[in-house]
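One structure is given below, represented as structure tokens, and several questions about it will come after.
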Amino acid sequence: MVAPGSVTSRLGSVFPFLLVLVDLQYEGAECGVNADVEKHLELGKKLLAAGQLADALSQFHAAVDGDPDNYIAYYRRATVFLAMGKSKAALPDLTKVIQLKMDFTAARLQRGHLLLKQGKLDEAEDDFKKVLKSNPSENEEKEAQSQLIKSDEMQRLRSQALNAFGSGDYTAAIAFLDKILEVCVWDAELRELRAECFIKEGEPRKAISDLKAASKLKNDNTEAFYKISTLYYQLGDHELSLSEVRECLKLDQDHKRCFAHYKQVKKLNKLIESAEELIRDGRYTDATSKYESVMKTEPSIAEYTVRSKERICHCFSKDEKPVEAIRVCSEVLQMEPDNVNALKDRAEAYLIEEMYDEAIQDYETAQEHNENDQQIREGLEKAQRLLKQSQKRDYYKILGVKRNAKKQEIIKAYRKLALQWHPDNFQNEEEKKKAEKKFIDIAAAKEVLSDPEMRKKFDDGEDPLDAESQQGGGGNPFHRSWNSWQGFNPFSSGGPFRFKFHFN
């Protein structure tokens, strides 16, 4: 149940509260209604006062059905419609009241209010003038005179708005229309005119807001739905564009412009949905191809080019193609320097390329625009660890492989280097010591990078063979001497070592 106070507030916002009181206190007996109709009217009045609008409406429906010539039944039903925000339904009832009882000034005054809000200024003025000629109460007379002055002001502003629009002064036209629409809030034509001004001024989202209101205020407003759809499309919001153009076709399935636009939006939407599904499945190369098709399908709207390149940048980054990712992400960032998604994806590509300073810079820029993003925070911490790590021992550099190298590449590089730096190949004592140190590093790199768990730790900026990195200090239990590597077979894939190194 709605509280009576809230109903009073809603009623008062629609028309003068005094008129509601007139309605509620008006005695139905004056119409000579039968007992059943009188019962419905009285019960409906009580329900309305209690805020039970739907139940009150049912009672007044019954009263109208029971006595189609009862002006009080129509008037009270109009009151409920207005309280429910259904002004379109209230207007015919008020007109019926006036037809049945020409001197019912309360109904005529209420209708004048509605007509004024709809922007039907001539009709509203006619009602207010007739109220003044019908022996109104003091309050009704004041209200009618006030509304006549307001209507006259709206006429003047409308003329100024149309002149400004015609001369191409859209800023002035908007200023005039703003004032009119504070009063004529339900005028669909004026909202459509202001939407055109917003479009001319490069403010499409404000235009959409007015057009959405116009689509509700005017029945079968296919033109509004078409314009909303095209505006969303130009903004790059293909999903909302598709939704709005479908509303147009629901009203008129043969609407030529809506149907042509529908086919274009649907084609683009299908490509984008397919590309996103491929990304979710990890099929980044195929997704890239789809987004290239998006750019070819709609080359004239820059928004689709930017969004497509943003997603291609993401695909290259996730597919560990850092050179391509950096190139495309940079193209996006030239157009949108604050694009957080492109900054994150380029930062990840920089990490693969071991460009840690650049990665840190991108993460920090992204964090300025989205400080609560956990992915950015973790990425920045990782980049900082890797920068610090790069200043120490880098197992990837030791083996001469990229950070995204496969295990097979790592083993191949290890075997080649282990053979090259085998200490038995060196006779000079100094060279042998250098080779021993080099061989230890090579073996350590192979041990870390060929083990998924140890490699992940290293990729996250932690050296699994460095006790200080793992424990914050102390000795290094994993730092091995040359003697500990004797018997290590660089050409074995696992199991007991059969190959022995021999020293003089």
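Backbone N, Cα and C atoms are what each Cβ position is placed from, and that goes for glycine too.
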From S159, S167, S209, S274, pick the one Swiss-Prot annotates as phosphoserine?
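Per Swiss-Prot, phosphoserine applies to S274.
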Swiss-Prot lists region 'Flexible linker' for one of the ranges 109-127, 280-298, 375-393; which is that range?
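Per Swiss-Prot, the stretch marked region 'Flexible linker' is 375-393.
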Pick from C258, C313: which one does Swiss-Prot say forms the disulfide with C329?
C313
Sorry to bug you, but what's the C-alpha spacing from C258 (disulfide bond) to C329 (disulfide bond), rounded to the closest Å?
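C329 (disulfide bond) and C258 (disulfide bond) have their Cα atoms 35 Å apart.
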Counting only residues 6+ apart in the same chain, whose Cβ is under 8 Å from the Cβ of C258 (disulfide bond)?
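Set apart from C258 (disulfide bond) by at least 6 residues yet with Cβ under 8 Å, we have T222, F225, Y226, S229, V245, C248, L249, D252.
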Can the repeat 'TPR 4' (154-187) be said to touch the repeat 'TPR 3' (105-138) if we require at least 3 CB pairs below 8 Å and skip pairs under 6 apart in sequence?
yes
For C258 (disulfide bond), what is the secondary structure by DSSP, using just helix, strand and coil?
helix
Note the mean pLDDT of the repeat 'TPR 3' (105-138), expressed as a whole number.
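Mean pLDDT, the repeat 'TPR 3' (105-138): 94.
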